[in-house]
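Engineer: Please find one structure pasted underneath; my questions will follow.
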């Protein structure tokens, strides 16, 4: 953790008072499970907190930055900024991938490069930073790491397939769209989800992902790429 502390201090002017909290933010469930006797905490609760503060601060930024954008457009842009792949990219930019504590099995299976794990660690770090400092420090970090890419327009071209599919299907009126998990495979800390999207009870696309959200996006993408004529 000393190397991580050095990175945080040199690049972001961040020094944690509670070093244990920082360590927890970078501890994956697989590592904690392999060291149960040591009663090591993992980062899921901090991820929950970090997700909430991230949503708040990005929402505030977008609201002030784009005073003429409607709510729907703001929601889409926020979703692109805080999606798993985006957060994993920010984690790599900060070198966070080097410091995550993983179980041996997770390490061997390529967990250090997995977007789900990296995105979760990024959110957990934000949660830890909030507890150790305050929301102003979290905002400062986000504005240093994330906002420059937002202002460069890197997220405006990413397709939100769920929203795109909904817009295509509901052009002539409301249509019942539902996403359903077909199967879950793998250990608890590394599940793979298979999801199908149904319109009026009919399956129109399937997708797979390391989280339900990713699998739903893939299912929607599959439906869009098939073409609506084959969907309804």
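Just so it is clear, glycine is given a Cβ too, placed from its N, Cα and C backbone atoms.
So Swiss-Prot says this about it:
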- 51: active site (ACT_SITE)
- 123: active site (ACT_SITE)
- 47, 120, 123: Mg(2+) binding site (BINDING)
- 5-134: domain 'RNase III' (DOMAIN)
- 160-229: domain 'DRBM' (DOMAIN)
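Walk me through where these features lie, including what they touch and how far apart they are.
Structural biologist: Packing around residue 51 (active site) is summarised by its Cβ count: 19 other Cβ atoms lie within 10 angstroms of its Cβ, all protein chains included.
The Cβ of residue 123 (active site) lies under 8 Å from the Cβ of 46, 47, 50, 51, 54, 87, each on the same chain and at least six residues away in sequence.
The Cβ neighbour count for residue 120 (Mg(2+) binding site), using a 10 Å radius and every protein chain shown, is 28.
When the domain 'DRBM' (160-229) is classified with DSSP, helix, strand and coil residues number 29 helix, 25 strand, 16 coil.
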Engineer: Could you give the mean pLDDT over the domain 'RNase III' (5-134), rounded to a whole number?
Structural biologist: 94
Engineer: Please list, in sequence order, every residue of the chain apart from 47, 120, 123 whose Cβ lies within 8 Å of the Cβ centroid of the Mg(2+) site.
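Structural biologist: These residues sit around the Mg(2+) site: 43, 44, 46, 48, 50, 51, 87, 119, 121, 122, 124, 127.
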Engineer: Check the DSSP secondary structure of residue 120 (Mg(2+) binding site), expressed as helix, strand or coil.
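Structural biologist: It is helical.
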